[in-house]
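Engineer: Got a structure for you, written out below as structure tokens; questions coming shortly.
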Amino acid sequence: MKFENSLEIARKMDSEDELAKYRHQFIFPQVNGKDVIYFVGNSLGLQPKTAKNYVNEIMQDWANLGVEGHFRAEKSWWDYHERFSGKLAKIVGAKASEVTVMNTLTVNLHLLMVSFYRPSGKRFKILCEEKAFPSDQYMLSSQVRLHGYQPSEAIVEVRKREGENNFRTEDILKKIEEVGEELALVLIGGVNYYSGQVFDMESITKAGHEAGAIVGWDLAHAAGNVKLKLSEWNVDFAAWCSYKYMNSGPGNASGCFINEKYHNIKDMPRMEGWWGHNKDRRFLMEPEFQPEPDANAWQISNAPVLALAPYLASLEMFDEVGMPALIKKRNRIVAYLEFVLHEIDKEVDSTFEVITPSNQNERGTQISVFLHGEGRELFNYLMKNGVYIDWREPNVIRLAPAPFYCSFEDVYNFGQILKRGITEIHS
Ligand SMILES: *Cc1c(COP(=O)(O)O)cnc(C)c1O
């Protein structure tokens with residue numbers, strides 16, 4: 001079907017959308033008595049209606065069973081985290097044994113750096129993208145200082161070319177080769193949080209390995225959004241948060257991938273705790289640490305099951321739908337959003353510059369738009385009129401029509417509200 005900026009066509013596309021029914025399984029905030037148009041699933045995904053039941057189940061087990069809930073609850077707490085591995089592995093393209101869930105994202109990146117940033121001799125540099133997500137910058141700087149280096153000498157940033165909005169893969173590969181035997185680690189955000197650009201993780205991982213470096217990925221904006229094949233790409237490690245596209249709830253737990261080639265290595269450098277200990281002997285309280293044979297060896301504390309509960313609820317939905325169906329709808333709804341933006345651009349006295357790559361293979365759900373002409377007042381207008389989007393300095397709005405719960409009608413309505421906003425501001 002050819003795109004048209006009309007309510008009729010938008011509704012027709014919704015009627016053909018196999019995932020349309022899932023919209024009703026989420027709770028939408030309301031503005032002026034109506035569900036908002038929620039384009040901020042890249043920041044905090046909506047609450048699945050089932051989430052509360054999963055939390056209540058644990059509250060009930062705790063009330064009824066007290067400490068016995070660890071073993072006697074229907075979803076026992078002592079191994080609650082193990083319910084995640086298989087389902088998460090499908091989302092990130094890994095073996096279940098390579099995936100676990102624990103802590104939060106930046107904490108996990110720090111913990112994984114303990115294992116995977118092992119500078120020695122002249123190999124001590126870390127390569128990342130310029131203007132990485134601030135938490136990642138702080139994390140990397142503090143890690144190199146911990147090892148006695150100055151960030152200015154140890155951190156190498158790949159830059160975008162003058163006047164361009166996105167990174168070129170060739171520039172990243174060239175930089176990796178240039179740093180060569182001084183390169184200890186490549187650590188980049190798989191999907192850029194600002195522009196929505198998806199990096200060529202396969203080629204970059206390969207190039208990092210050819211230079212003799214370890215390659216890790218921060219998948220905060222990638223998990224549950226784009227196709228990942230961490231095992232096949234031979235990625236060394238990765239971590240992601242779950243509250244963005246994965247709809248697990250504010251500040252919720254992080255997932256980790258640790259390539260199986262690092263399992264069962266004697267004296268693997270690692271921060272250890274009792275939840276990483278051989279689970280059959282965990283409660284024998286023995287003095288010597290015996291690691292689990294898989295990614296769970298990186299577990300430290302007993303699992304925060306109340307937090308994990310809504311994450312598990314969401315994961316069940318991902319498992320039911322599967323990434324291929326989500327990606328199929330994502331491509332269509334994002335293309336429609338881009339189309340509508342261009343249509344509105346023609347109708348109003350304004351210019352939008354989409355800074356996200358137009359190639360489907362280089363973007364996921366997010367479209368970032370540089371506004372030439374309007375500023376925060378347009379953002380404020382949209383928010384007040386029931387469109388939830390986000391704002392990034394200096395003049396960028398980020399729009400993420402998450403395929404799980406956004407509709408084509410949302411996209412059409414967004415265009416109309418956007419047009420009214422611009423017209424009002426200019427009048
Ligand atoms: C969202 C995001 C984070 C957030 O880190 P937390 O530790 O979960 O607060 C980190 N890195 C990137 C790239 C992000 O997009």
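From the backbone N, Cα and C atoms, a Cβ is placed for every residue, glycine too.
No curator has checked TrEMBL annotations; they are predicted automatically.
Relevant sequence annotations retrieved from TrEMBL are reproduced here:
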BINDING   Leu105, Thr106, Phe133, Pro134, Ser135, Asp136, Asp218, His221, Tyr243, Trp274, Asn302  pyridoxal 5'-phosphate binding site
MOD_RES   Lys244  N6-(pyridoxal phosphate)lysine
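Describe each of these features in terms of where it is and what it packs against.
Structural biologist: Spatially close to Tyr243 (pyridoxal 5'-phosphate binding site) yet at least six residues away along the chain are Leu44, Gly45, Gly249, Pro250, Gly251, Asn252, judged by Cβ distances under 8 angstroms. In three-state terms derived from DSSP, Tyr243 (pyridoxal 5'-phosphate binding site) belongs to neither a helical nor a strand segment and is classed as coil.
Taking the Cβ of Lys244 (N6-(pyridoxal phosphate)lysine) as centre and 10 Å as the limit, one finds 29 other Cβ atoms among all the protein chains shown.
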Engineer: How many other Cβ atoms are found within 10 Å of the Cβ atom of Leu105 (pyridoxal 5'-phosphate binding site), counting all protein chains shown?
Structural biologist: 26
Engineer: Rounded to the nearest angstrom, how far is the Cα of Lys244 (N6-(pyridoxal phosphate)lysine) from the Cα of Ser135 (pyridoxal 5'-phosphate binding site)?
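Structural biologist: Rounded to the nearest whole number, the Cα-Cα distance is 15 Å.
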Engineer: With H, G and I counted as helix, E and B as strand and the rest as coil, say where DSSP puts Leu105 (pyridoxal 5'-phosphate binding site).
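Structural biologist: Once the DSSP labels are grouped into three classes, Leu105 (pyridoxal 5'-phosphate binding site) ends up as helix.
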Engineer: Of the binding-site residues Phe133, Asp218, Tyr243, Asn302, which ones put their CB under 6 Å from ligand 1?
Structural biologist: Phe133, Asp218
